[in-house]
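Asker: The structure is given below, and queries will be raised subsequently.
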Amino acid sequence: MSDYQTFTADDARLFALTHGDTFRDSDQLEAEEFGDGNLNLVFRVKNQQGRSLIVKQALPYARCVGESWPLTIDRARIEAEVLLRHGRICPQHTVQVLHYDAALAAIVMEDLGQWDILRGALVAGKQFPKLASQMAHYLAHTLFHTSDFVLNGLQKKTEVARFLNPELCLITEDLFFTDPYCNHERNSIHQAILPQARELWHDEALQAEVARLKADFLSKPQALLHGDVHSGSIFVSAEQCKVIDAEFGFYGPVGFDVGSLLGNLLLSYAGQFGLQEDAAAREQQQRYLLGQIETLWQDFASEFSQLMQTQTKESSFANSRYQSFYLQQVLADSIGYAGCELIRRTVGLAHVADLEQIRNEQLRARCERFALALGRQLILQRHGLTTIQQLLTLVQHLPIPA
Ligand code: SR1
Ligand code: MG
């Protein structure tokens, strides 16, 4: 880390000028740091014609907490390499990486700032009809092409080693699977839902199922995951979507990526009870979200099946019964991880605007209780929910708590 130094806006400007062919030496470049994420510095560098690039630099600590939480800057390598791998497989839905510098832990990438970040757009009540089918395509292709269906044993183990990412995985292991189920100091719990949070700390049946999901997260290297597919990691427009922020990438269970996105669509669904006062508009937005959830799974399952049937290289896995079993497992895992995402975003360290932006505290508490109750049901019932329609029925019949 000897050559590492934290970028100023001027460093970011020079870095963007030197790497990539977007800018000329004669350009008047402006750079500003605008990152509001949990971990990194993010600069936008722009010339006088309005052309722009993003420079992202990993800090040697977690930005949201400060220097008391040291964090490897190798996460920039993981992020760049996952995005480059996924970008080769699915360029239309992966942000383009133009340059990566290991010593400075910095990446130059395309600027998608003319699009919306999905989370904010959903909070504002926007709809993107193509989102689910495009994300299904991204997930099916990136996960299939980095799995044992395609890679041989030697290639796969080399890749698993390259993407071990122990420090960032530890964050997920703690924040996703441990903290919400005990009285951890990292948790952030609104007073009004403290009784429901306490129930999680004593719910042995739930904790046993979360332990199974955590064990799989630790020991099921099925494919190269993005590792953090929440709605703040997706840029959208009416026609397109692209995924950013792959620093949590590693070889893990396929259902973790699918489930993270499902969980975020469900968080948006839960938040609608408090964000949208007009009942007709709320129902319309919630119908849209449920439709996207259905399409996400149906399209993912159909594309992944098609890929298994036509592009499997390992003969043992060409067996069609095995392939059906595999997909059924992915659905159960996805539902379980979606449940964990709902719970950890409600009582854990990292909250989401879908719930936080509800101004009325009592209403917010009801939405949070809904998210917790739904998360619990998804985790406990995941093996009995064998179709996506069953999941949708569960969501629609779950009462919004008092
Ligand atoms: C300390 S990092 C908190 C959360 O932000 C990231 O985007 C991941 O979701 C992580 O769990
Ligand atoms: Mg992120």
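Placement of Cβ uses the backbone N, Cα and C atoms for every residue, glycine included.
Sharing the record's features from TrEMBL:
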DOMAIN    31-287  domain 'Aminoglycoside phosphotransferase'
BINDING   ASN40, LYS56, GLU110, ASP111, LEU112, ASP245, ALA246, GLU247  ATP binding site
BINDING   ASP228, ARG344  substrate binding site
Asker: What binding-site residues in ASN40, LEU112, ASP228, ALA246 place CB under 6 Å from ligand 1?
Answerer: ASP228
Asker: Please work out which residue of GLU110, ASP245, GLU247 has the most C-beta neighbours within 10 angstroms of its C-beta, and give that one of the binding-site residues.
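Answerer: It comes out as GLU247.
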Asker: Taking the binding-site residues LYS56, ASP228, ASP245, which residues show a Cβ-atom distance to ligand 2 below 6 Å?
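Answerer: Checking each Cβ against ligand 2, the ones under 6 Å are ASP228, ASP245.
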Asker: Between LEU112, ALA246, which of the binding-site residues has the fewest other CB atoms within 10 angstroms in the structure shown?
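Answerer: If we count Cβ atoms within 10 Å for the binding-site residues LEU112, ALA246, the smallest count is at LEU112.
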Asker: Round to the nearest Å and give the CA-to-CA distance linking ASP111 (ATP binding site) with ASP228 (substrate binding site).
Answerer: 20
Asker: Looking at the binding-site residues ASP111, ASP228, which sits with the largest number of other Cβ atoms within 10 Å of its Cβ?
Answerer: ASP228
Asker: For ARG344 (substrate binding site), which residues in the same chain are close in space, meaning a Cβ under 8 Å from its Cβ, but six or more apart along the sequence?
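Answerer: The answer is LEU175, PHE176, ASP179, PRO180, ALA350.
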Asker: What is the Cβ neighbour count of ASN40 (ATP binding site) at a 10 Å cut-off, with all protein chains included?
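Answerer: Excluding its own Cβ, ASN40 (ATP binding site) sees 22 Cβ atoms within 10 Å.
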Asker: Under a criterion of Cβ-Cβ distance under 8 Å and sequence separation of at least 6, what residues of the same chain contact LYS56 (ATP binding site)?
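Answerer: Long-range Cβ contacts: GLY35, ASN40, LEU41, VAL42, PHE43, ALA76, GLU79, ALA106, ILE107, MET109.
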Asker: Could you state the whole-number distance in Å separating the C-alpha atoms of ASP228 (substrate binding site) and LEU112 (ATP binding site)?
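Answerer: Answer for this pair: 18 Å between alpha carbons.
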Asker: When you look at ASN40, LYS56, GLU110, ASP111, LEU112, ASP245, ALA246, GLU247, which the record names as binding ATP, what is the longest CA to CA distance in angstrom?
Answerer: 18
Asker: Where does GLU110 (ATP binding site) sit by DSSP, helix, strand or coil?
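Answerer: It is in a strand.
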